[in-house]
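A quick write-up on the structure given underneath.
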């Protein structure tokens, strides 16, 4: 590939506080997967002063300025480098990322699947263990002489007393030191030979030892809590002790306009920014396209993510990736393996949250502010289940900047709850929503239409905007979301930073809402999705609000996917509705009049979205843009999918580099930037307001 050529040139390298920055001559050796540096170009024929293996490395542009970036090798070694300008940094970063991805994926191809090689600490002394058969003299575990301290025969282990916590802490410190020594010993092994640092068993040992230490630290925290409770009295009945939450402050993440929501990178002008640096909205340079709903057809695509085959076969790549990630590391710039991808873009996933348009439209039919808030909470809680495709946690495609997704839904008017059906569902849970068999024109008259558009408005940070409207019912919703991914050990956490606003124009009401965090758990076995965190829904005009808690699974007691919430009138502080249950199963709504309603999400009917055929879609619409990646994943051809994905990402880098060279800011197509948020360019509230003004003038 012409993108895999060797490049070289001078960069500044940070050495230490005393020496500071020094000019060094760097060479990227793509064939060997090495980044080498020399004192100067003249000494290039000599032995390099330093060398980094790029397989498994993480290349991260710095937030400090537009010139600095870091290369974090799998061995733990780090180069902090600085280019002369943003253009040169982008050139080095893109080439290093391509080389890194190429050599990292080669690891999975050169190592057999984990399922064909069992690994067990208990079998390390057995002559029949696979490790001994493969290399009798150097088993991956016994190579490091992992010792076990045994108590003298006949002595019983004393019951742990609270005053022994100091001894436990000391033993924990010793264990942490031994674990660091183990990791250091593995990483010091050569990259090739009889026993290498990329050995599959050793990668498993690195990942599991790190997870074990994290687990022990959590358990020690629980012991401390129990000790404290014994000093004040026993724990009350029914108390659950949860795992330590990730050290991410969630309280201020969702407030629109808060300075802490976005890093200084957004407010700091650089030559590679995609957004406008001014507060005024960017004028659209690409003409927005009006999508004709008549061109859209009912979606027949049904890509359920139930296949674990690719994950099993590529587990050595996952292990290697996990072994060089650090707790709390931002995964936004980390290139993840293709085989863990879901067969749709993140923009389309946002559209799937609208899969119950009957509940969405029914919000505005509520006869009172109280009922409308309760209906919105019901719609909100039922939207997450269909947003997930199957039980397996996979990652949607990261949208390309400028990527868009359009779709719509048609909902028979008879299936939408009116103001008379206050606390009842619009239709029975098992009923399927089907459109009338009348001609197309008649069907339009008997149906409400909900239109949806989403756009990736920024690349760094990754921000998506989406908008949906039902013109007939004069209601629309506008939202922007910045996805922040963090590595949490044996799970991955995704914080959804941003805010949405639902507009009910018939009532003059606006409902602001936030989104919960998402977690991919058990990423070494069968990954699954969990939601967590507290979200709020508020209507300033009516004074009604809702507080919803998505509970993560406690360490001791409790159940999965639990959600609780309440709706209250702020002026009187009166709770008018309580909700509890599971966000992917059954929800129970209890009203102030004593009535109770159950909603079974597994039986709730789903309305298929309508999407234009690929041949009628624009080149930057999600399904057409990612069609070759999706087709390759459906065929099980991971290598081909990776090549198509890499081509799209490289095109994005080239376009970003061209904009940096010409100092051309990125302008969006459908969304305009206002403050820290993004708003659809032609929202319904502006259209309705303009229409009412014209009618007033004509009268």
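Placed from the backbone N, Cα and C atoms, the Cβ positions cover glycine too.
These features come from TrEMBL:
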DOMAIN    4-101  domain 'PH'
REGION    104-137  region 'Disordered'
COMPBIAS  117-137  compositional bias 'Polar residues'
REGION    270-293  region 'Disordered'
REGION    416-438  region 'Disordered'
COMPBIAS  419-433  compositional bias 'Polar residues'
REGION    638-658  region 'Disordered'
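For the domain 'PH' (4-101), the number of residues in each DSSP class (helix H, G, I; strand E, B; coil) is 22 helix, 40 strand, 36 coil. Each residue of the region 'Disordered' (638-658) gets a DSSP state, and the totals for helix, strand and coil are 21 helix, 0 strand, 0 coil. When pLDDT is averaged over the domain 'PH' (4-101), the result is 87.
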